[in-house]
């Protein structure tokens, strides 16, 4: 692209611009991994920042692509880290998968095969659907012999694929057969993040890895329900009745968080406490520019004080 | 595309055209899965057909994308099915991966991480390289705890990905870290077949599934050494000194076998004994037309007699 700028450069969050930004907003939407915590470790200053925002009447919402937990399990995780968040404030991609089926009137008598964690199964159940697979299939081993016939449930009408630390050939064959052979079976991806901060020390393959595997064997593309898809925005707006122009999406990932915010018409703030470095942000090859960027969310608190 | 035909329609092999085809050829290149056998079961009439071709002085070569076996192991499989084939007549994608490293002067002091079967490790060893991973990592389990640091060998300079029935999160993280973090580390795919006839009753996820998974987590594209890449054709031609115009590629897959034959300038013959049906071949959406098609390779024998 050379010198041609398609989008204006983003602003470093500063004592000068933070007050105007703050006053223009009614809600803050936060990504979790790399923004609130890394693995199981809270990022510095998070509780105080969230407390200040709440005390000023701002709505707080947590929008996460991590599908391994349900909303209930997320609320527990916040609790265990000393932060009070309700289930209703959490919009996870596991919840998004269940809501996608609900909105699209998925027949409740059909089953859903899950490649992913317990969180997806729990959300499916809460929405009235029957999920199979998931953790239960973690230890299944395929024996390939001449007369092996791998049987799959013909009543599976959807396959949901998310991050799965226990991915194996059994699950890949099961999901592939459902998508290829069950008429009308839909293929849902919770998200396509390449990697995630599964621990605080390094990145690990994300749902994008398992989703790509199923794309590779089925030669089909999924419906993505997590960020950057704005599927969840309708639920969020119905719940809070706030226009997206009064929302700020805060995240550490350009291709999911910031793109989601931009797709939805929100103000966007990139934090450098997760996967994106300042050099990646400012690299000429990067096409996604947030409105603002800063090191971590506690900068909002510090800059407001100064 | 509608009525617009980009390529001439292919001919059904018949008593009228089989003799001219036969006389114009010096070598037959056969794919194995779906052409010679399905799983561990020989396809009808294969031994007699191969015997007839040899008796008429035709060179026989076997070009397979299945990387789970080495050339030696393939020769054993032919033997066990009652067909005499030498290692030198076999060009497998496991061999192709090792040859790619050799031709590109891969430093022998560097290691190669393998996602795939024993066959790749054996071919690497024969070519003088040190392979790690593969079957040895089949039972490794990742424990994701706060302070887990997943260590990988910094001397890995190439990751080779093939079909792996024992794919797991450990291997995915290992391969991903090598490609993302080891400077200059190359990413080689034995092939990208979506599925394969791993057993005679149904198809299973192929190397394309594992390769896509690594593409998903690394956000990089591999170097493909198996079909439809013509990388192996140089070796084949040096060995047999036959122009590709005198060769016929016989396979069951349009996007690998037939495309490989066309890319190399061979005559192409599709057999319907594997993954491609006549309706797929004749579907208007199919862009790859072989020169000829027939049900199975023994038709050559039968048609020559009639």
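Any Cβ shown, glycine's included, is placed from N, Cα and C.
For the Mg(2+) site, TrEMBL gives B:31, B:33; the one candidate out of B:164, B:200, B:234, B:252 that the record lists there too is B:252.
Annotation note: residue B:33 (Mg(2+) binding site) sits in a strand segment as assigned by DSSP. Shown in sequence order, B:31, B:63, B:65, B:93, B:191, B:251, B:256, B:257, B:259, B:260 are the residues of the chain, 6+ apart in sequence, with a C-beta less than 8 angstroms from the C-beta of residue B:227 (substrate binding site). The Cβ of residue B:33 (Mg(2+) binding site) lies under 8 Å from the Cβ of B:64, B:66, B:196, B:197, B:252, B:274, each on the same chain and at least six residues away in sequence.
In the three-state DSSP reading, residue B:227 (substrate binding site) counts as coil.
Taking the centre of the Cβ atoms of B:31, B:33, B:252 as the Mg(2+) site, the nearby residues of that chain (Cβ within 8 Å, site residues left out) are B:32, B:34, B:35, B:36, B:64, B:197, B:251, B:253, B:257, B:271, B:274, B:275.
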